[in-house]
Amino acid sequence: MIRGAWMYPREDEAVLKICWEPRHSDKPCADSERAQRWRMSLASLLFFTVLLSNHLWLVSAGAKARGSFTFSLQPANSSLLPPQSFPGEGRGCWDTFLSNLTKSAAQPPHCTGVRSTHLDTACAKLHYLQRHRGSFSPSYPQPSSWSSSYWSYPPSSFSSKRNFLKAYFRNYTLSFCDTYTILDLLLGMSNPDSLDCSLESLMEDFVGAAAASPALIEGEVCSSCIQAYQRLDQHAQEKYEEFDFVLEKYLQSGEYSVRSCVGDCKAVYKAWLCSEYFNVTQRQCRHRIPCKQYCLEVQTRCPFMLPDNDDLIYGGLPGFICTDMLENHMSNTEAECCDVRWHSCKTQGSGNHNTSTKSTDSRFKYYPHHQHHRDHHLHPYHHQHHQSLLPVSAGSRLGNTRLRLCVLVLMLLHTMASFSVVQNGVTLEPLPGLDDSSSHEE
């Protein structure tokens, strides 16, 4: 009895041990299922993280592209102007004015500091200031032998009046070539139509009006100069309209194979055309380049037209050719235009290259050179000192894509390595338990 009672519990333990033995082998399976669910959750989290990061990259890239058209150019000689000489003369107004230069044929913005629509009355307003506000009145009693010459004023008074004229005419621009202020024209192109339109002549016109002829009292010199500039501006607009007509004709005809971004072509052509009519330096820009650089931009961006060959699609000669491209000498008096970065419309998400010629909202700016409209001028020496203004290649876009792809691959590799470590840890964890059970059985 005692022996039987002693042996039966041991037999029960053996039976229970045999019954529960398979359950020890089920634990690794449960751990592997939990590890699998963990891997799936981690993979889903990684996937959504990649999508979110890609979305943030796209949003930041779009914001950067929109912010690249915000200009902060200031006049080079800003010390000539008092802070609040005229309404709207502050930095914000100039930023608005310069941002308008990115449009190939748009109207200038409403800005009280920069006016092109009231250019006809600019001389009358200046004459009004001379008569009623005493802007040009001498600060000391006039001598009896005072003549109409402005040289009778002391140097300090002469300098202040000259600065006032600069400040005044800096706030007026042309109608079509609206990237030019009247001050730029007076300083760089003082002889339109054989007229004397220098600042000294205008000072003699207004300062010496009291002792001069009645014609000078009415500001005839100022009005004549403004009208001469307006005639050149109108002539440039007529030439631009002729070019626009030809370009539209080629685009609307199905027998011509034009492949180009028309907004680019029209913007750079207007910039080059105005620079040919007005041989002046753009002074409100900090960084300037030779205006002849614009010629190559037109040749590069305007479409290649093949009206007599239906077989070729992307070949042929450009519709605009720059001559005298071997000219390599540099003149000290050469006009300089703003160093503009031309952003192709391809970078704006436009898939259709045959854009209508009426689309004039391309992101560009344009500035000045040369009075006569000749298809020439390019200085190769410029490329040694400034970045090229050639069309933006796909290198920058591909660089961003490659960067995102590399980051994605690295994240996937890291995830796979983490999964391998977790999987190895799960498979190795039940091994000590199996060794213990075998030792107990022994």
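Just so you know, glycine gets a Cβ as well, placed from its N, Cα and C.
As given in Swiss-Prot:
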TRANSMEM  42-62  transmembrane segment
CARBOHYD  Asn77  N-linked glycosylation site
CARBOHYD  Asn100  N-linked glycosylation site
CARBOHYD  Asn171  N-linked glycosylation site
CARBOHYD  Asn279  N-linked glycosylation site
CARBOHYD  Asn354  N-linked glycosylation site
TRANSMEM  406-426  transmembrane segment
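Asn171 (N-linked glycosylation site) sits 19 Å from Asn279 (N-linked glycosylation site), taking the CA atoms of both as reference points.
Annotation for the glycosylation sites Asn171, Asn279: lowest Cβ count within 10 Å of the residue's own Cβ, Asn279.
Secondary structure from DSSP puts Asn171 (N-linked glycosylation site) in coil.
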